[in-house]
Amino acid sequence: MTTPVSFHPQAFIELALSRGVLKFGEFTLKSGRVSPYFFNAGLLNDGEALSLLAQGYADKLTQCENVDVIFGPAYKGIPFVAATAVALSQTHNKSVPWGFNRKEAKDHGEGGVLVGAAVEGKKVWIIDDVITAGTAIREVVTILKNAGATIAGVLVALDRQERGQGELSAIQEVQKELEIPVHALITMKDLMDYLEAKGEKEALANMQAYREKYGI
């Protein structure tokens, strides 16, 4: 079995481009903004791609404090958190409990909306793909707090580094409101650095214009 190498943003960007996870062009977002790039982590749907993403989360978590439990919000976060637990064990020799939530509560069997490791009295890191408006993260934070957990922080794959409705980005709003750290594996700046290194002048110019208009 090949041991995954350490996560590098450029390698992840190249893999994301090859899988169609990351695209440069013209895309209308739910907010109505026309973005020069699009990121869909749901297309990280093979072993190699998921392994590299999980390695990134695992590497980042080893630099974080208070990692009692890692948690993946339903549904997209579930494979991410499971793969991250494996990566932590295989490459960092850390056996970290993990869990996730259901969208609908069960009234039989183990019941409830939480599945996996117990979170009561634990410091929990949430693992997800992106924070767009912050609505989903706020919902899962409420669920975890109601179960007696302390939220230690959030890890996401991409920080778009753009303003929400106000002057802050969605990530900055979550950090300020919930008083927790939010870390990202790659940022919009990483994407721009990649385009510059590859000599992709048109795509880079589009990114620069977008960042000047909406960036933080």
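In case you wondered, yes, glycine gets a Cβ from its N, Cα and C as well.
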Requested in this report: May I ask you to find which of R102, R160, R163 Swiss-Prot records for the orotate site already listed with F38, F39, T132?
Outcome: R160
Query raised in the report: Given the binding-site residues K30, F39, K76, A133, R160, which one is most crowded in terms of C-beta atoms within 10 angstroms?
Result: R160
Query raised in the report: Can you tell me how far the Cα of R160 (orotate binding site) sits from the Cα of K30 (5-phospho-alpha-D-ribose 1-diphosphate binding site), in Å?
Result: 14
Query raised in the report: When the Cα of T132 (orotate binding site) is compared with the Cα of each of the binding-site residues K30, K76, K103, which one is closest?
Result: K30
Report summary line: Excluding its own, the Cβ atoms lying within 10 Å of the Cβ of I131 (5-phospho-alpha-D-ribose 1-diphosphate binding site) add up to 25
Report summary line: Rounding to whole Å, the Cα atoms of F39 (orotate binding site) and D129 (5-phospho-alpha-D-ribose 1-diphosphate binding site) are apart by 9
